[in-house]
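Below is one structure; the comments refer to it alone.
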């Protein structure tokens with residue numbers, strides 16, 4: 001493998017820039033991308049409509065540095081790619097993207113170190129089709145989601161690129177996601193300040209045993225990862241991500257445009273976004289996020305300072321769970337029943 005790799009390095013030429021554009025990878029890594037020349041395209045046995053899960057049982061060879069699963073809108077290698085799932089082992093990340101009319105979209109990147117896609121291992125990849133996005137599990141662990149950029153009804157084939165063996169491709173039904181509750185974290189109720197250094201990975205799903213009652217405060221302690229793009233905290237009425245449930249508050253921090261966005265998802269519709277310029281979260285820097293329930297609205301505090309407010313769009317008594325996703329590690333999450341202690345100094 002080493003000899004082959006260095007021979008490819010010697011053949012590196014300007015045409016590789018075009019090849020990088022073709023496959024959606026950066027030019028500096030195009031030599032490794034040549035390892036993806038071994039690919040196969042298989043017809044998907046059933047349309048990927050809502051409530052269907054595509055299951056792929058495969059294995060990566062020991063020398064496989066990266067591989068890709070592409071959900072394709074046609075049999076040709078030039079067809080649109082509705083979903084491109086690309087683990088890059090050496091870079092310790094997973095890239096998601098789409099290719100529409102020959103153009104790659106914006107990459108979504110996830111650090112691999114948190115769920116362990118490794119060299120030379122057998123794996124079971126599942127792609128669940130929900131209302132407006134795919135959910136992806138790797139060896140039964142939920143690792144990411146990807147919002148539709150084209151209709152999943154147009155997907156007809158799947159391409160396996162890289163040094164992959166293929167055991168099975170099947171399409172099955174599913175009725176909820178996640179399918180089990182092994183990952184469900186029970187949020188502790190406290191009466192005052194608590195510090196915790198327990199590290200929890202995202203996506204992170206938790207349940208609030210008594211909800212979030214009037215004058216109570218949800219407290220999230222965490223650290224954004226290096227080079228973060230975004231992360232979000234959602235207060236939800238149900239504990240499952242699908243079927244859809246009302247989201248009383250979806251709070252999203254964007255690092256590229258330095259924005260804090262609030263919204264609600266009610267009766268299967270997103271409302272009007274409320275935006276605040278000046279995101280107070282910093283890469284690789286610990287933070288405390290407080291979401292306090294008041295009589296008419298949530299107040300949102302970052303590191304002890306009021307950052308924003310959000311008027312209720314649905315009944316806050318119905319909130320039962322918290323879902324956190326994106327480029328952040330969680331160090332603690334609590335419901336504080338007496339947050340005034342912070343301000344009274346007792």
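Cβ from N, Cα, C; glycine included.
Any TrEMBL annotation is an automated prediction that lacks curation.
Copied over from TrEMBL, here are the features:
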type	residues	note
DOMAIN	40-172	domain 'Galectin'
DOMAIN	204-336	domain 'Galectin'
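Residue counts of the domain 'Galectin' (40-172) by helix, strand and coil are 6 helix, 76 strand, 51 coil (DSSP-based). Mapped onto DSSP classes, the domain 'Galectin' (204-336) shows 3 helix, 77 strand, 53 coil. When pLDDT values are averaged over the domain 'Galectin' (204-336), the model yields 96.
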